[in-house]
Amino acid sequence: MASELLANPTNGSGITRPDPQRTYQVVVAATQNMGIGKDGKLPWRLPSDMKFFKDVTMTTSDPLKRNAVIMGRKTWESIPIQHRPLPGRLNVVLTRSGSFDIATVENVVICGSMISALELLAGSPYCVSVEKVFVIGGGQIYREALNAPGCDAVHITEIEEHIECDTFIPLLDESVFQPWYSSFPLVENKIRYCFTTYVRVRNSVAELTSQTNGCSSDSKSDSGNFEIQNFSFLPKTVFEKHEEYLYLGLVENIISNGVTKNDRTRTGTVSIFGCQMRFNLRKSFPLLTTKKVFWRGVVEELLWFISGSTNAKILKEKGVNIWEGNGSREYLDSIGLTDREEGDLGPIYGFQWRHFGARYTDMHADYSGQGFDQLLDVISKIKNNPDDRRIIQSAWNPSDLRLMALPPCHMFAQFYVANGELSCQMYQRSADMGLGVPFNIAAYALLTCMIAHVCDLVPGDFVHSIGDAHVYSNHLSDLFETSFRMLPKTFPVLKINSGEKDIDSFEAADFKLIGYDPHQKIEMKMAV
């Protein structure tokens with residue numbers, strides 16, 4: 001029954017969703033304290049919001065179908081007469097007033113409640129002719145529908161300014177909804193705002209427990225934890241804005257249009273030159289979902305870089321073996337570092353970040369006070385001179401390249417402060433799209449979040465600029481499967497639990513992911 005969609009979401013097991021008659025999506029604009037109107041009107045003028053509303057509620061995948069919009073009587077009356085009914089959509093008006101008679105108006109139907117509206121739309125002819133159902137107001141309708149089990153998604157224009165309102169709706173229950181997509185901030189008529197779509201991923205807070213994993217463990221994800229596995233019910237214009245499609249589209253472009261090249265490892269690659277991806281860190285964390293990313297490895301390696309260590313054995317002792325190949329006896333001998341102890345990687349990333357210019361001897365030496373500490377310099381400039389255009393950290397030191405087990409691939413980062421937000425652009429000269437790039441995206445997004453935390457800022461953008469973006473020939477079939485067949489899920493949310501403001505005080509347990517439910521791990525061999 002449709003009434004189940006507006007009632008208790010469970011059937012006794014705590015996680016099983018009732019068989020819906022008709023679900024719906026909510027479209028709303030609201031301030032940070034969920035104000036939506038004043039004196040029966042919108043207290044802001046945002047033409048782009050009107051366009052967004054039209055695009056979301058009118059878009060259908062089947063040109064022979066249309067969408068339905070459910071609204072209360074006051075919302076109907078607030079629409080200018082010349083725009084009533086909203087064109088191209090079935091207008092469902094909720095009212096219990098016997099004097100309200102518009103039944104003769106084309107493309108308009110009247111229902112007494114949300115329950116009766118959903119039941120109507122579940123029956124003939126609307127079950128066939130109506131593709132999606134959107135709830136568009138007003139306050140009482142939103143309060144009834146927003147967090148109810150029948151709500152699959154919420155498309156919200158999030159207004160960051162304080163604007164006086166007299167009508168409010170409940171906060172979105174973020175224990176069961178996660179961001180699918182959030183636009184970069186826009187400013188219109190001096191109002192800063194963004195468009196964010198949240199999707200329902202679970203029915204109850206109880207399900208959240210199994211989704212919340214600290215990085216101290218890397219247990220297998222249970223794909224059954226997410227009630228919804230396929231989010232293609234979203235309007236196409238929203239569905240395709242998921243930021244994972246930046247990565248998937250780049251992989252697809254390389255496979256389809258790349259140039260075949262030889263490489264140092266003699267594996268062979270298909271590559272393109274010069275590309276960029278931009279990720280929004282404000283609402284979610286860009287840990288790819290079409291294949292499982294080794295999150296614990298991301299965290300431990302970044303903390304290892306920050307410590308300035310060049311000893312691969314430290315990572316290996318923690319079960320992180322990503323540097324084992326480049327630190328092996330066989331590999332070090334093959335590049336002429338025959339006197340180097342196994343596991344000693346030379347003056348690579350962490351050394352350059354913390355001791356740039358110091359003379360490298362071996363991984364056991366104490367380099368305290370030696371060289372230039374770029375990381376602390378970055379933090380100092382962000383705190384004391386945030387408008388500086390020289391907030392830069394470089395791992396590329398030409399005089400040390402011959403001493404490194406592997407010259408830096410991700411070699412240069414610049415930080416930028418605006419509107420209380422910290423953004424980072426990283427340049428990567430060589431990008432292994434299969435194994436390296438998912439790791440690199442997560443690592444620099446995490447670094448940005450950590451520095452923002454230390455500097456009392458919030459994360460902004462992570463911009464990933466790539467020189468040679470390539471797919472190794474032995475990864476082609478696996479990445480073809482990922483980029484052409486897998487559908488992304490929601491990115492997780494990152495919580496930093498530490499109250500520490502010292503970049504060197506973080507521990508792996510300080511970072512918690514909420515709602516990471518990726519597809520299965522894809523085994524790919526690393527080219528050494």
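Going from the start of the chain as shown, residues are counted 1 onward.
Glycine is treated like the rest: Cβ placed from N, Cα and C.
Within N257, N440, the residue that Swiss-Prot lists together with R264, H410, Q428, R429, S430, A431, D432, H470, V471, Y472 for binding dUMP is N440. The annotation in Swiss-Prot ties D49, I136, Y142, T157 to substrate, and of the candidates under consideration, V27, V128, V176, the one tied to the same site is V27. Within 10 Å of G137 (NADP(+) binding site), judged by CA to CA distance, lies none of the binding-site residues R264, S430, Y472.
Taking the C-alpha atom of R264 (dUMP binding site) as reference, the shortest distance to any of the binding-site residues A29, G40, I136, Q140 belongs to A29.
A separation of roughly 12 Å, to the nearest angstrom, links the Cα atoms of G37 (NADP(+) binding site) and Y142 (substrate binding site).
If you count neighbouring Cβ atoms within 10 Å for each of the binding-site residues K74, R143, H470, the highest count belongs to H470.
For V27 (substrate binding site), the nearest of the binding-site residues Q140, D432, H470 in terms of C-alpha separation is Q140. Compared over the recorded positions A29, C409, the count of CB atoms lying within 10 A of a residue's CB peaks at A29.
Among the binding-site residues listed here, namely A29, G40, Q140, A29 has its C-alpha nearest to that of Q428 (dUMP binding site).
In the three-state DSSP classification, G37 (NADP(+) binding site) falls within a strand.
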